Amino acid sequence: MKKLVILGSTGSIGRQSLEVIEFFPDKFSVVALAAAKNGKLLLEQCLRFKVKHAFLADEESYKTYYQEFKNHGILLTTGSKELLNLALLPGVDGIITAIPGTICLLPTIEALKAGKIIYLANKETMVAAGEIITPLMKLGENLLPVDSEHSAIFQALRGEKLAWVKKLLITASGGPFREYTLEQLKNVTVAEALKHPRWKMGNKITIDSATLMNKGLEIIEAHFLFQIPYEKIEPVIHPQSVIHSLVEFYDGSVLAQLGLPDMRHPIQYALTYPERFPNNLPGLNLTEIGVLSFEKPDYERFPALKLAIQAGKAGNIYPAVLNAANEIAVEAFLAGKIKFLEIAQIVEKVLNCFSPVKMDLETILEVDFRARELARKFIGGEHQ
């Protein structure tokens, strides 16, 4: 019986993780749950899964719900130190990191040091601090990817040697604006950007998918997870979202992992690895889908993808800067403060404000803070 903590249980990945856990009551139990601010759903989840430790990042939500949780015998906490304590609870085997942003950074690092398994659904952690996390991780042992693309690559590489890999092909649906012209992209609305053609996800990642920044972040994550140089990682647009990624080998063979666009599949694969168990999820019917198509990404219409690849290749603090600036720019777009194409423009401006420095965790956290502040200033009209 694996004892799990879920950081981000009320979000899309967290809710689907709990669905998977419910399929296998004899294999998993939930020890603690953490959420940003949805106290109502968090309490429902705690009661349903008999959880006694809970966390709310938002202080106001914490104050609102503290007594209600206490009435049910559940200890509710808040603050970054308490989130870390949650991840390090005695007897915990693994942690699903599914809160977007860098809030999972310290819990991930300390949990790895403490010998726990990380089920990585938070790509920002690896993007911002890949250089620090890589020496601590053993892929397939103490860290398992949950992202569908990285799960696909991980599955395709089973039993293979990295020396045989010619190229990783990371697929992207192309988002809701795949066929839009640059002129059309100037005036897209938040509502339009949130209509992803294939996946049901949280707001932040849905906007990242619309700008293709998400694919850029995934390329950086793949670089660190699989220790593959950027020159060997290539994005490809695949509108049907059936092939989740491919690995091309030097002998000309290409291995692809296929499945319906349903995050419960890669979540289950990570949690039950190295075994596979039957479930009640719908399966893939290729004759119903009929056609699988592929296109090259357009870097002019989707500059965020190019920025991410450039930041990845530059290394050092640049992926962390990219990630932090993007988070603030996406927040601003969702709030109606900037236009869609301005997301990448803000990120580029912030990237241009930084120079390489000596890398450590403290530096990454400082850079993350500074990049966010600069992004807010650019959005507010300062430093034009």
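These residue numbers are counts, starting from 1, taken along the chain as shown.
Each Cβ is built from the backbone N, Cα and C atoms, and glycine gets one as well.
Feature annotations, reproduced from Swiss-Prot:
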type	residues	note
BINDING	T10, G11, S12, I13, A36, K37, N38, N122, E124, G202	NADPH binding site
BINDING	K123, S148, E149, S173, H196, S209, N214, K215, E218	1-deoxy-D-xylulose 5-phosphate binding site
BINDING	D147, E149, E218	Mn(2+) binding site
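Highlighted in sequence order, K123, P145, S148, H150, S151, I170, N214, K215, E221, A222, S245 have their Cβ within 8 Å of the centre of the Cβ atoms of D147, E149, E218, the residues recorded for Mn(2+), and are not part of that set.
Listed in sequence order, the residues of the same chain lying 6 or more apart from E149 (1-deoxy-D-xylulose 5-phosphate binding site) and placing their CB within less than 8 Å of its CB are I170, T171, E218, A222, H244, S245. For the binding-site residues given as S12, N214, the lowest number of other CB atoms within 10 Å of the residue's CB is seen at S12. Annotated pair D147 (Mn(2+) binding site) and H196 (1-deoxy-D-xylulose 5-phosphate binding site), C-alpha to C-alpha distance, rounded: 17 Å.
Put simply, the two farthest-apart Cα atoms among T10, G11, S12, I13, A36, K37, N38, N122, E124, G202, the recorded binders of NADPH, are 21 Å from each other.
Comparing C-alpha positions, H196 (1-deoxy-D-xylulose 5-phosphate binding site) sits nearest to S12 among the binding-site residues T10, S12, N38. Between the alpha carbons (Cα) of N38 (NADPH binding site) and K123 (1-deoxy-D-xylulose 5-phosphate binding site) lies a span of roughly 22 Å. Recorded residues K123 (1-deoxy-D-xylulose 5-phosphate binding site) and S12 (NADPH binding site) have their alpha carbons 14 Å apart, per Cα-Cα distance.
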